[in-house]
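Among the features that TrEMBL reports, domain 'Phosphofructokinase' is placed at A:7-318. According to TrEMBL, the feature diphosphate binding site maps to A:Gly12. Summarising the annotation, TrEMBL assigns site 'Important for catalytic activity and substrate specificity' to A:Asp110. Per TrEMBL, the feature site 'Important for catalytic activity' maps to A:Lys136. As annotated by TrEMBL, substrate binding site applies to A:Thr137, A:Ile138, A:Asp139, A:Met185, A:Gly186, A:Arg187, A:Glu242, A:Tyr292, A:Leu293, A:Gln294, A:Arg295. Annotation comment: TrEMBL describes A:Asp139 as active site, proton acceptor.
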There are 2 protein chains.
Amino acid sequence: MPKNALYAQSGGVTPVINASAFGVISAARRHRDQIGTVFAARNGILGALDEVLIDTAQLTDEMMAQLKYTPGGAFGSCRHKLRHGAELKRLFEVFETYDIGYFFYNGGGDSADTCLKVAEFAQYHGIDLTAVHVPKTIDNDLPLTDCSPGFGSVAKYVATSAREAGLDTASMAASSTRVFILEVMGRHAGWIAASAGLASTDAYSAPHLLLTPEVPFEAGRFLRAVDETIARAGYCVVVAAEGIRDTHGVYLAESGVVDAFGHAQLGGVAPILAGLVKQHLNQKCHWAVADYLQRSARHLASATDLAHAVAVGETAVAYALAGIRSVMPAIVREDNEPYRWRIEPVPLADVANHEKPLPLDFLTSDGFHLSPRGREYFAPLIQGEAPPPFRDGMPDYPQWQFVVNDRKLPSFDPTRG
Amino acid sequence: MPKNALYAQSGGVTPVINASAFGVISAARRHRDQIGTVFAARNGILGALDEVLIDTAQLTDEMMAQLKYTPGGAFGSCRHKLRHGAELKRLFEVFETYDIGYFFYNGGGDSADTCLKVAEFAQYHGIDLTAVHVPKTIDNDLPLTDCSPGFGSVAKYVATSAREAGLDTASMAASSTRVFILEVMGRHAGWIAASAGLASTDAYSAPHLLLTPEVPFEAGRFLRAVDETIARAGYCVVVAAEGIRDTHGVYLAESGVVDAFGHAQLGGVAPILAGLVKQHLNQKCHWAVADYLQRSARHLASATDLAHAVAVGETAVAYALAGIRSVMPAIVREDNEPYRWRIEPVPLADVANHEKPLPLDFLTSDGFHLSPRGREYFAPLIQGEAPPPFRDGMPDYPQWQFVVNDRKLPSFDPTRG
């Protein structure tokens, strides 16, 4: 009897994380002689611990196809860092009970750490388990891979949104709003904010200013840049990462300066920036916070990103079957024009707990714009459209209703007590 | 020599306002014997007053096609209510100078008032000018028309976004965020917020709660509903109109209660609602503010809305040529299944300065959900996709660079002095 596999989704979801699930499950199905049942854990590692498992054999061909175009996490995700001791021990009890020989963990940096812990535990105890990490994060901060599946679609969304809102702002600028601020995700790294710069094709088109955590925020310099942009282009579109910090490294959303403009715990740098613009430049300012919209907008996913997501899932299975353990399938860029890429394994130990910052030379020297090098990097990642089917005017996403297995072990819920 | 025409865009733009411009210009081109040059005013009525006019003969067939898929206002819009006296007098000087016999004004309720003033002035002074209002507003609050061009696309965007963000939230709810709040436009009417309810197909799917200005906001009732929704569905997605008010009619974004959570002048009810949820229910809450994104998202426009927008533009010209003055082409719904509609003229005097509120029976009795009647109304308006062409991974919108005419009159800028 071949060993079974366990697949789990972890951390913040992406528009294409389910495409990686498709990759894993479909590849395993092509090797039924080597991989038996593929279980998916309900709500990530929490379901693995609490033995809430979905036998993916219940996924029909139609449901498999739906995985490729449905955002969110089909099996549920979680934010939970696996603890040594009771939790890790329990996880292996579940593995043993279900004869799991392959563990595919689909997540970002924290999840790579979990995956590594699992791999090391197996090795130390001589347990026959192959753990492979399947990369995913909209933050694009995983090391050793050219990019992270999920990011390209978010980049496409924010660049498109900045371009569209820019056309709107330009129309209104003669007598009303001249400044529009779009807040995007990126607590630690400015990958997403920077990628929005793709929409700007000259000194006049939006977005005009990019604010990233890598470049310390100085209110005076920012306001001068807004003012100059309005003088030149007639209006100004700003894309700001949520995690921008002042010169002391203090998050703008948490700095004392901003108390009058917004309640820090609730986040939101856009209203703070809008307050500065209104107060100091006396310009009418509109602002948007994309939040979950940017990372669930599967209707605007990048076909390139989708291809990456499927490929890392499929390749994870290939590695596992070839006995390549404790790795992550990484995306290697071979060429930019035309864009070519391949997948290579990188050691999990080098991936876990490292965050890849946005290279400063992806920005111009003033930090406000995308450099040619940055544009060269980002451009291929948003290429191609892969819209979901529409029904009744909306994307026709399924409402997943999976049957979970009957429990064989006592309950174990790490979120309780 | 046939008389010339002047077309101008007014107020907040929509994803399809340029499609109405296409309708007007292309219909006029089919009647060159009756309409000479079609001028477009730069930045709405401001350009008409200041004689900054674009001869639309410079629009090639390719540019005409671009009008149908480019958001924002191609010729620029403005927020300016035409004043009697010097302004109206000046406008007619421009009309006389350019031999304008047809005035097509593309806007919402305020603009209908402007259009009416122009029509009345012409009639009173015996001037041969036909004024026709071309309806447009994402707010959907124009009276006497079944819906307003622009609204259907926004409805499609907010319903799609609520559905997508709902899948995201559902994935995270086991261990992290359980509440997501999407703030949409609607200062006075809840049309947009209510339309997001189309995404919810049962008691479990997002959005779970709709907050409209028509239903007084009570914090306790809202929090109970969020709590009940989490208990039932595991998570809760709220779509809130920016203009929700408490039982005293005070805007939530401006009420004393919320000072601690957000700076009122900057707007944003989403962070205020998120603060309530966090404080009283101790639930992690994410929030987004769609702002301009919702009304510029041409990439997700409704084909039905687009057809309406073109038709009102074309029909406005047909009315003008038939001598039907001081009217607005209104959309009349003939049937729901299949959806059928026609255009009919309605008197401008009955349109100007009236706002159509969301009928309360479009919501369920608790005010939180779309009623079957509401669903029946909204559903046809979001049908069909009409995406723009993409290039390099993004919508390929033109950068308009129009040549404006040489000035024949002294300058006149109503925004100065």
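Note: Cβ is positioned from N, Cα and C throughout, glycine not excepted.
Whatever TrEMBL says is automated annotation, not expert-curated.
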Would you mind listing, in sequence order, any of the recorded positions A:Gly12, A:Lys136, A:Asp139, A:Leu293, A:Arg295 that have a CB less than 8 A from a CB of chain B?
A:Gly12, A:Leu293, A:Arg295
Considering Cα atoms only, can you say which of A:Gly12, A:Asp110, A:Lys136 is the nearest neighbour of A:Leu293 (substrate binding site) among these recorded positions?
A:Gly12
Out of these recorded positions, A:Asp110, A:Asp139, A:Glu242, which one has the fewest other C-beta atoms within 10 Å of its own C-beta?
A:Asp110
Among A:Lys136, A:Arg295, which are recorded positions, the residue with the most C-beta atoms within 10 angstroms of its C-beta:
A:Lys136
What is the interatomic distance between the Cα atoms of A:Glu242 (substrate binding site) and A:Lys136 (site 'Important for catalytic activity'), given in whole Å?
20
Could you say whether, by DSSP, A:Glu242 (substrate binding site) belongs to a helix, a strand or a coil region?
coil
Using a 10 angstroms cut-off on Cβ to Cβ distances, just flag whichever of A:Gly12, A:Gly186 is the loneliest among these binding-site residues.
A:Gly12
Between any two of A:Thr137, A:Ile138, A:Asp139, A:Met185, A:Gly186, A:Arg187, A:Glu242, A:Tyr292, A:Leu293, A:Gln294, A:Arg295, the residues recorded as binding substrate, what is the biggest Cα to Cα distance in Å?
16
Write down the Cα-Cα distance for A:Thr137 (substrate binding site) and A:Gly12 (diphosphate binding site), rounded and given in Å.
7
Quick one: pull the CA-CA distance for A:Lys136 (site 'Important for catalytic activity') versus A:Gly186 (substrate binding site), whole Å only.
15
Sequence-distant neighbours of A:Thr137 (substrate binding site) in its chain (C-beta under 8 A, six or more apart):
A:Gly11, A:Gly12, A:Thr14, A:Gly107, A:Gly108, A:Gly109, A:Ser148, A:Gly150, A:Phe151
